[in-house]
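A.B. asks: Next up is a structure, given as structure tokens.
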Amino acid sequence: MAERRRHKKRIQEVGEPSKEEKAVAKYLRFNCPTKSTNMMGHRVDYFIASKAVDCLLDSKWAKAKKGEEALFTTRESVVDYCNRLLKKQFFHRALKVMKMKYDKDIKKEKDKGKAESGKEEDKKSKKENIKDEKTKKEKEKKKDGEKEESKKEETPGTPKKKETKKKFKLEPHDDQVFLDGNEVYVWIYDPVHFKTFVMGLILVIAVIAATLFPLWPAEMRVGVYYLSVGAGCFVASILLLAVARCILFLIIWLITGGRHHFWFLPNLTADVGFIDSFRPLYTHEYKGPKADLKKDEKSETKKQQKSDSEEKSDSEKKEDEEGKVGPGNHGTEGSGGERHSDTDSDRREDDRSQHSSGNGNDFEMITKEELEQQTDGDCEEDEEEENDGETPKSSHEKS
């Protein structure tokens, strides 16, 4: 009872808020950026003090009117005015408390750390020999991972990695003062927005009009009937699309053994806007082993190399054909004489090598014998030529 009396006395001392204060608080409530979180089991909206000060400095009360001074000229004047709003319980100060892990989880982590430290000491000696192999494998994995990430980024509709945010909770602060900075303040004042008021009024009018459907004219009834049928067909088509895309995914998944994940209209049932639910048209993800990816890449590189080699071979063939047309038969005529000369020179070199294998005296004796044989051979050849010459002469005389 005593606390209630004190609270009533404080309210009487502070007084009720004026129209100007309500207008400023309403403007701040709907224009200052806010966030929602849980506090003491309730869902609340909170804002940051520095953003509230910036918002009020950009408002109409920061500009001087004719014959009147501006309400907000500096940041200090805004802070003083917000202190008045805080005392009149438009909002109150809160304290951010980061969520800590439970003691059981901490003990489990400590026990795991001790067990892992003992195992690591035993494995250190083995790891030193395997470090070189691991470094090579890691480099290859990094390259493959970069390629996969680049491919995923190029494909539209792929979900991006979510950044992990630290969780916190709000608690009421003991010192209820407005300070310009990163302080957190929770809204108590929650007026009805003009848009919500208009939407509620339209909804009430629509319900009353629906109850008066028998009194509508015939043209309006037919029009509403066709509109309702069209809306029902549209909803049914979306449901059929959702079922068909699941069936298509299952068929591709079964045929490829779970390696290819193909989704048609992936955002159709997602919590997005109407237009965003139909974009992108499809998404494709490959979740098979990396060996298949490497094989595909190797096959592509081989195909490229084959195509390059075929192009080179075609160009070389053309050059050879052009070279063959120019020289003609001149090369064939000179080739026969060169072959004969090469065989004679080879024979002479073989004879010289055989003769040089013996001593010096043997070489002299062999040369003399060869000279005698050569002279005898020359004489015999001369006699044969003379005999050949005489035979045609005798034939001519007989004729």
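Note: Cβ is positioned from N, Cα and C throughout, glycine not excepted.
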A.B. asks: Where does Swiss-Prot put phosphothreonine, among THR37, THR135, THR164, THR375?
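C.D. replies: Looking at Swiss-Prot, the phosphothreonine feature maps to THR375.
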A.B. asks: For the candidates SER309, SER335, SER357, I need the one that Swiss-Prot annotates as phosphoserine.
C.D. replies: SER335
A.B. asks: Could you check Swiss-Prot and say which of THR158, THR391 is marked as phosphothreonine?
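C.D. replies: Of THR158, THR391, Swiss-Prot lists THR158 as: phosphothreonine.
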A.B. asks: Candidates are SER341, SER394; I want to know which one Swiss-Prot annotates as phosphoserine.
C.D. replies: SER341
A.B. asks: So what's near the transmembrane segment (235-255) in sequence-distant terms, Cβ-Cβ under 8 Å and 6+ beyond its ends?
C.D. replies: 261-265, 268-269
A.B. asks: In the same chain, who gets a Cβ under 8 Å from the topological domain 'Lumenal' (218-234) while lying at least 6 residues past its ends?
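C.D. replies: Those are none; the list is empty.
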